[in-house]
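K.L.:
Sharing the feature lines straight out of Swiss-Prot:
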REGION    19-46  region 'Disordered'
COMPBIAS  19-40  compositional bias 'Basic and acidic residues'
REGION    108-135  region 'Disordered'
REGION    129-259  region 'Mispair-binding domain'
BINDING   Gly792, Pro793, Asn794, Met795, Gly796, Gly797, Lys798, Ser799  ATP binding site
Amino acid sequence: MSKQPVISRFFKPIARKEVTSEKGVEKEKPVDLDEEKHNEPATTSRLMPKGFDAAAETVTDEVIEIEVEIEHESEPKIEIKNGTVTAENKSMDFAEKLNRIWNDKKRVISNNDNDDSDGENDTIVKKSKNNSNKLTPLDQQVKDLKLLHMDKILVIRVGYKYKCFAQDAEIVSKILHIMLIPGKLTIDESNPQDSNYRQFAYCSFPDIRLKVHLETLVHNNLKVAVVEQSETSAIKKNSNASSKNSVFERKISGVYTKATFGINSAFSSNRKNVLGQYNSIWIINFSEIDKINSSFFMISVNLNSGEIIYDTFECSTTSIENLETRIKYLNPIEVLTVSALPEKVKLRLHGSNSTILLKEKEDIDKEIMEEINKSTKGLNLSAELFELVPVLYKYLTEYNNEELLLISENYKPFASKKHMVLNAAAIESLGIFGEEGGKGSLFWLLDHTRTSFGSRKLREWILHPLLDKKEIEDRLDAVDCIIHEVSNIFFESLNKMLTNVPDLLRTINRIAYGTTSRKEIYYFLKQMKSFSDHFQLHSNYLNSQVVSNDGRIHKSSALLTNLLTEITSGLKEINIENILSMINVSSVMEKDTYKQVSEFFNLNYYDHAEEIIKIQGNINEVKNELAEELSSIRKILKRPHLNYKDEMDYLIEVRNTQTKGLPSDWIVVNRTKMISRYHTPTSRKLIEKLQYQKDILYQETQKEYFQFVKRIKNDYFALNKIINHIATYDCILALASTSQNMNYVRPVLTDESQFIDAKNARNPIIESLDINYVPNDVNLSHSAGKFLIITGPNMGGKSSYIRQVALLVILAQVGSYVPADFMKTSIFDKILTRIGAYDNLLKGQSTFKVELLEIQNIIKNKTENSLLLLDEVGRGTSTEDGKAISYSIVDYFINLPVCPLVLFTTHYPFLGSINSKILKSYYMDFVEQKKEGEDWPSIVFLYKLRSGITDSSFGLNVARLAQIDKDIINHAFSISEKIRQETETANTMNLPILLKHILSSNDLKPQQKIIEILNLQNDSQEL
């Protein structure tokens, strides 16, 4: 059998426009291939003809050489020049056939859409003398769009691909590592090289990769707009004549940034962490109080949680600690401002990867302004804060998220009398979150939540420890109740159910914004229905144990009783089953977008189905006409059992050996070696009519879907309340899981102020890392001492101990059990820390300046009910200056009318000798050892807190642990001993002079002279 030419890649569907054929020879003039740039195929989801492969329409040069195998002795070389196929030998029949195929191919492009610039051709079109300066229709459309949106990267659908053009393409190609097709690099053609090209440079990627690439682009802090076709080819053909020859209309379908990507994009239901879930959008303004201080007015929006935080705070030219704290809490990614911010504030915001956008105050629609007034009524917003709301509303309209600002229940103040605010220094130094909540943080220790929205609420709880004793007790009661009831089938089933719950809070907010997908809304309703079924199934248990006054849960936990009661009543109020029945489940699972949209509703239950049913009737009529046409075709071909090849393209297949007697007006769609496929003129018109009706159905079901979403949105408040109650339950469950750890105990809260008493307490974070942690007691009170001086060797556990105390207090006030045998504590309104040594090059601050600024902030913000942690203050400067500053700070606090509780670690032992009733001295215990070959004493850390003072930091022991050479350490020890002896000698010589000065002083009373002499004696003994 002879070989046939291998040219199957040319067999693609021919144009939908009528093309007649006589005896296999096309009556069509040659088409100039140079004009076939960017020809636009229709898109998927009824926007692209079925079977059309735009990617295959690439023309790579003016001359294309195709090597083929045929049965002749010499293999011919076939060339395609300017759209005409020629051959070098006798195989002219084959060349003629190939020429016909090539012309068919060109008609696919030209007839699909008369736009000569929307195709998938990756041809580099260089400008020639004959070429016009005029842009192609697609490029002109791109230019018009881009000039209106210069602040965005435009990702534009063209057929089965998304493309970026000009300067956008240059940026995107570098980030995504995809090919850049040369062309004009600037949209305004300002680049001198642009004159060499006829079209814009571009890069492209398949439409199925949109979400992946979109996430990458916004992760690089780009603002990206996705542009989609807003009309179909069928509707275009049936529209007015003036638009038929133009490009497809395109509109921006969505705008995305890092802050908006998570809420405006659909993800799989089991995805817990979403890009931007903790990020927020700020709008901020300020006014100067004086030359040093300024008031800042801020509104923060988290689109995922729906929270709107408003706040007024002060910053100075020397300290922006309040701004630091709010950045830690709210993670701004976009910051709007109506006036230029101070340079220090801008620098800090840029340091947190925030994009700062200057916005003008604009007048907005009167009706919207009334809605804003209504939603903010009762919040007592200052005039400075209120004027920011319309600016933020205007900005959010670009992302279709502006509706959030009209929900009054979402507004919350940053600070409240109900909870503590941990400042930025405390969050950092106590390891509250670590690296994004990673291993070794308090959040990691407590986060046993099963849902993503529960995890976010737990994060809020940790950042906002409670200040109200009753609320703390309510949480602890709920934790107790869960621990005892967890094995009950109601809780066991509910807890298991939570492990597979999607992010319901994110979904309900997406419903409010109108951006949710069909699949997502189905799973949302299905999940809410599951909760409803579960509570209904266990209604007897809930009535007897929760609702009844004699029930175990009712008696043991008011918080849990309230949660379960309100969830039950809320689920009954919303007829979720009725709403869910309106959805055709099979369509949700469809991969075909058209079917997913057009068949979404169960028309037996959907109560606005009249128009949809009418259009479906029109579609069925056309299908009946196609069936009648098939009967006529059967008679012509004398094949009574003939059927269309499929019910998509409605093709008639005829063997090539039987094509001679076919009607001349039948349209060849494509051919293979064995068969040819045809449309009749009637079937072609009916197919176009059918496609038009299908597109109308698509649009109608889209419209009805948005109305369906609005119906669910009407129950936003009730659904949001239920979801927040479920999140609270999830947090209680997480605290119960933590509290069941070995040797955790429920803390006892006392009304007595300034009191902590803990037995065998441990650092919860260090212990959770499977480290054998040595427990220590904590005793702070009026009688036991309110100011603890803690000395001891380097790495002896001083810093871990003071962190442990703060973490115990946070756990207790969050509502968790604590790692101790016993703990009794008062409630603290603030935890202020100065821990660690580091500089801040970004702010131009040295280690010592950072220290002093933090001390200044502590002194400014402390109250008598605060807990202060001061770790080795004065280490950032010389020894003498460090001693002086440390002494002054200790002296300041112990002489306050009411000194707060202070834990002060130091390497200056003399501070422990300060005479004060509230000051107590402790050290971290150790054992000295002498090893062979070492001149200095080695130590073994015992990590046990002892009463008293140690006179050495044993820094050389740390050098040994760091594996410094022994000779170097021995030499360092000899120098250290020499300096110590010289210092002792100098002080001994000065002792008589100091004694004489005290005794001869007329300013001191006899009792004061005795105290000074005793202090002098203590100092000399220490030295």
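Just so you know, glycine gets a Cβ as well, placed from its N, Cα and C.
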K.L.:
Could you count the residues of the region 'Mispair-binding domain' (129-259) that DSSP puts in helix, in strand and in coil?
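P.N.:
Helix, strand and coil residues of the region 'Mispair-binding domain' (129-259) number 51 helix, 33 strand, 47 coil.
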K.L.:
Any idea what DSSP makes of Lys798 (ATP binding site), helix, strand or coil?
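P.N.:
Reduced to three states, the DSSP call for Lys798 (ATP binding site) is helix.
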K.L.:
Between Pro793, Gly797, which of the binding-site residues has its C-beta surrounded by the fewest other C-beta atoms within 10 Å?
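P.N.:
Counting other Cβ atoms within 10 Å of each of the binding-site residues Pro793, Gly797 gives the minimum at Pro793.
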K.L.:
Counting every protein chain present, what is the number of Cβ atoms, excluding its own, within 10 Å of the Cβ of Ser799 (ATP binding site)?
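P.N.:
Ser799 (ATP binding site) is surrounded by 19 other Cβ atoms within 10 Å.
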K.L.:
How many neighbouring Cβ atoms, not counting its own, are there within 10 Å of the Cβ of Lys798 (ATP binding site)?
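P.N.:
That number is 25.
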K.L.:
Can you list, in sequence order, the residues of the same chain other than Gly792, Pro793, Asn794, Met795, Gly796, Gly797, Lys798, Ser799 whose CB lies within 8 Å of the CB centroid of the ATP site?
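P.N.:
Result: Thr905, Met924, Phe941.
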K.L.:
Taking the region 'Mispair-binding domain' (129-259) alone, what is its mean pLDDT?
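P.N.:
On average, pLDDT over the region 'Mispair-binding domain' (129-259) sits at 86.
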K.L.:
Over all shown protein chains, what is the count of other CB atoms within 10 A of the CB belonging to Asn794 (ATP binding site)?
P.N.:
18
